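A quick write-up on the structure given underneath.
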Amino acid sequence: MLGWVQRVLPQPPGTPQKTVETAGPQPETESKPEANPQPEPEPQQEPEPEPEPEPEPEPEPEPEPEPEPEPEPEPVPEEAPPEVQALPPEEPMEGEGEAEAGPSLQETQVADPAQPTSQAQVAVAKVNRPSSWMLSWFWRGMQKVVPQPVCSNGGQNLAAGERDPDQGGAQIPEPCGTGDPGSAEASGTQDTEPSLWLLRWLEQNLEKVLPQPPPPSLAWKVEPEAAVLDPDPPGTPMQMEPTESPSQPNPGPLEPEEEPAAEPQPGFQSSSLPPPGDPVRLIEWLLHRLEMALPQPVLHGKAAEQEPGCPGMCDVQTISILPVEQVEHDLVLEEVDSCWEDAQQEDGASPQETEVAPAHEEESEAIVEIPRELTKIQEEREDEQEEDEEEKEEEKKKGEEEKEKEEEEKEKEKEKEEEKEEEEKEEEEEEEKEEEEEEKEEEEKEEEEKEEEEEEEEEEEEPIVLLDSCLVVQADVDECQLERTPSELASIQELPEEKEEKEEEKEEEKEEEEEKKEEEVEKKEEGEATNSTVPATKEHPELQVEDTDADSGPLIPEETLPPPERPPPSPVKSDTLTVPGAAAAGHRKKLPSQDDEAEELKALSPAESPVVAWSDPTTPQEADGQDRAASTASQNSAIINDRLQELVKMFKERTEKVKEKLIDPDVTSDEESPKPSPAKKAPEPDPAQKPAEAEVAEEEHYCDMLCCKFKRRPLKMYRFPQSIDPLTNLMYILWLFFVVLAWNWNCWLIPVRWAFPYQRADNIHFWLLMDYLCDFIYLLDITVFQMRLQFVKGGDIITDKKEMRNNYLKSRRFKMDLLCLLPLDFLYLKLGINPLLRLPRCLKYMAFFEFNNRLEAILSKAYVYRVIRTTAYLLYSLHLNSCLYYWASAFQGIGSTHWVYDGVGNSYIRCYYWAVKTLITIGGLPDPQTLFEIVFQLLNYFTGVFAFSVMIGQMRDVVGAATAGQTYYRSCMDSTVKYMNFYKIPRSVQNRVKTWYEYTWHSQGMLDESELMVQLPDKMRLDLAIDVNYSIVSKVALFQGCDRQMIFDMLKRLRSVVYLPNDYVCKKGEIGREMYIIQAGQVQVLGGPDGKAVLVTLKAGSVFGEISLLAVGGGNRRTANVVAHGFTNLFILDKKDLNEILVHYPESQKLLRKKARRMLRNNNKPKEEKSVLILPPRAGTPKLFNAALAAAGKMGPRGAKGGKLAHLRARLKELAALEAAARQQQLLEQAKSSQEAGGEEGSGATDQPAPQEPPEPKDPPKPPGPPEPSAQSSPPPASAKPEESTGEAAGPPEPSVRIRVSPGPDPGEQTLSVEVLEEKKEGAE
């Protein structure tokens, strides 16, 4: 009858339907209302309902948005074998059986039966009326055609409780499984009212056929099937609000896409029956169930695929918390309407508000999950969402490509700007190119690193989030009691990638913690500070918001910000929400003005906050980062301000100095005077290396003997050099000496051995030994020395071994050396030992000439060697002539004629004597008689005349060159004497001139050094001047502290002049144009009233005349007479030359002027000199004597001794007046002399005093006062004895000295005159 319904209703495609029934029936009992456990929030929505084609009496309201559906299973009769509907577990009643189920996928927890609930379970009563039988028949017929769900746990048998036929025939199946024993019991009681059965049947079938909304993401594959809402306990803000409906209908069960990996969970029991006998609550329950069945708004998440039907029947099912497939890396948080947000907050069951707790929680929880099957519509929507996500990924990729293009355009613009700068600055082109290449390489590396970091972050940040809704109920089960079920292990095996990613994340976090302990401590402190008010607990979970686009592409190619480190997971919950970072670039964009401080800011303000929200500029983490950047910028600005203040101070000081210089350019402070920079010491080697080196040196330089220990030079100093300098190497000249000796052996003895019979069989070995020794020397010279001689090529000295060898092999000397070493000695075997075969050894004459040149270059008196060499030439010519004469005599016959040698005496000496007489043409020789003798004699004469004429002329040249200087000196002296005689110069002056010539010639070896210096370049003149004069000039106190180069320039301008004894170097009053430095000898500075007193004597190294030369003090006249004491050699520096030098050294000029001012000021200061006393110093007068003297003065002439004391007082008065007059006269004489010699020049030497100008007396001496005070002020010496006189008058004596002060010729001068009255004095005595 109802078969057409089955054909019309939609069936799930390709879904196998299985029915598993329990073998033993179980009677249904009426369930009592029990308290339901507190549900956890569900992040899931129910599928949209679809209109049912079958007519129903109940009207369907319009779909209303419901944030959280609460499905509950309905009990169904046994007569529906194709499909079985699952009932939720109910609270156990007294006396009822308990159904057991395995532990859940993640954790099995025990539900608390004592928790309160706002929903009561409805018991199903028995129905015995006929209407109930009719309804049960209609119900069984509808279940045959309506698809039924299957229990998600296919491997578990289902238990169903059957009703007796006499009670209505309807059977209510028992739940598939329950939690722990005693936690839940399934009671299947039959409803007594048929209307309730009809309503339940309509509700159940509507939920089956209507489409359900998909879950937010594909990571959850199944949904909970039923839930009972309880009031939210305090402290759990994320749980749902309680609902008023007592029970809720159950939508069609959903089947997981891949496999039912769920296990039954305890703790959730509910009845889907409506409340009996309460029409108001019945209407509310119906409306609530319809709202749950109607379609709901869908979030942008991917739901798991579901199928409409599944065979089998199960009341309580569980789902796997671990995701089966990961499609997205992160959740996407998007903006929603305010009305929807309010509804979500009111219902408390929005999937966006709830997140899945991690696998390990500190608080014990019982998680019960009821799976739901997906419909075909959900699969289609799932595919659409996948396509949407792919489109979003493509858009992201396009955005990244656009960003890369923009970066490339920026790089191109930068390159253009750099090219413009290169055109302006051509000198810096190479450096800029290198910098550009380095920047490009760094950018490429940065991009590669960013891509790698992005991939790693994507892998690391793939959250293992469970997107299927579930109900979480707390229980009193510890974590140690939890175990994993086989279904959970199966689900874990299906996800190896997630496990590997977890392990990689853990390893990376461990490594980061080990490497950056300090940073982690700071981060923990910051995290504690931020979470101090609200700790991360279940009531206040820790939320981390990350930017999905922050690391998708490089924002700025110049910067590479380190990715934010992932914080360690919270002990309660660590959920991650990903926010699209559209505006992230704006926060990290580097401004053009920040180029200088970008790296500092990047290094000082990294992203260290554990919670990062790039899209929200008002987050406390970003505000903290901005504060850090601001603090860094403030530090940099403070440093810059300090530096600017320092620069301002320096500029002010410099301005003040310039003003002072403009006002008085000569006045400088001591601080401005340049100080010689201390010579930098060479860096000392490490102390650890010093002992080792010292030990090695000791081992090399010292040798221990039995008696003593002596030092020797290291052996490495005797190693043969790689190259030899033929011009300066003395060892090479010594080697040439040995080569010349070997050459002379051959040249002198080969003719002797050939002509004279000195080579015999008994001494042949001696001759051969010497011959081969000379050959060995020749061979060494060719192979060792000549191959290592340096030479000049293109102005460079070539020291390369190959180049030196090639140069010698190509030279003419090598050819001559080869000829001289021709091995003609092998002919001895055939021709006998003939000395003429060694004649080619004489071809090494080039070594002889080279030796002469090198030796003359190093000899101080080369003319001596030249004379010796010329004499040797003459002797060698005589040697050859004597050998030829003996050979001619032997050819004619010894003693055959008077002309030949007669064989008497030493043959060589007699022949040499004959050769000397013949070549010199002395005469007295016997006349030749034969034609051979006549020709031989003619050749001797011609050779003698030519040889001796050349020799004599060469000898004259040698001697003339040796005496050329003396000749020049004589010619100059003769010319000077002739000049003085012509002008009739006095003889005394002529003698002084002659003395000067002789002393100058003997002391210097020449009359004028400048003539020799003119031919030399400036560098050589400077070198010579430094060696000769620097040691003296550097000791001058005036030039100490001056520029070293200025002293070098001054050395080249110095002239050497010799002064004879008592010659005036300079006279007082002359114009000073020269400064003098004493090289040798002494000078005396004269002064005093007559100008002949020797004030000081200056020695070598002293300088004088500098005050006039520097023109300090307003004049440049000489202030004293300077006379040479003996022969004195002085260096003279002209004022013009000094000014030309000081122009280039302004600092030294200021220093010299300052020193000259100081010297002049010191010379003008008077020195306190002790006055010459006329009377010797007297001892102090005793107090008793002074008292007696005063008393006697008061008594007057009445006292017995009054006359004697009065006479003594008068005498002391006279002596004091004489002493004062003498002192005043001396002061006047010194004042007059100082005025005449005012401004006298002082020497720069420390021991050089200058004429002092004593100060004039401020107050002229006054005439003595009354006798009594003067007598008291100047008492007589203790040793003085009063003279006794019997005829002395009684009255006071008259004064014997008169002192008068009269005005002088000048208005400011006074004349002091002293008169002594001799007559009165004599009469008094």
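Backbone N, Cα and C atoms are what each Cβ position is placed from, and that goes for glycine too.
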One side of the membrane in Swiss-Prot: Val280 and Gly795: yes
Residues flagged as transmembrane segment in Swiss-Prot, choosing from 201-220, 801-820, 1001-1020, 1101-1120: 801-820
The transmembrane segment (862-884) touching the transmembrane segment (733-754) per 3+ Cβ pairs under 8 Å rule: yes
Other CB atoms, at most 10 A from the CB of Arg1118 (3',5'-cyclic AMP binding site): 22
Contact check, the transmembrane segment (837-849) vs the transmembrane segment (801-820), 3+ Cβ pairs under 8 Å, seq sep 6+: yes
Beyond the flanks of the transmembrane segment (862-884) by at least 6 residues, Cβ under 8 Å: 747-748, 751-752, 754-756, 852, 855-856, 908, 911-912, 914-916, 918-919, 936, 940, 943, 947-948, 951, 954-955, 958-959, 961-962
Predicted model, mean pLDDT over the region 'Calmodulin-binding CaM2' (1224-1230): 83
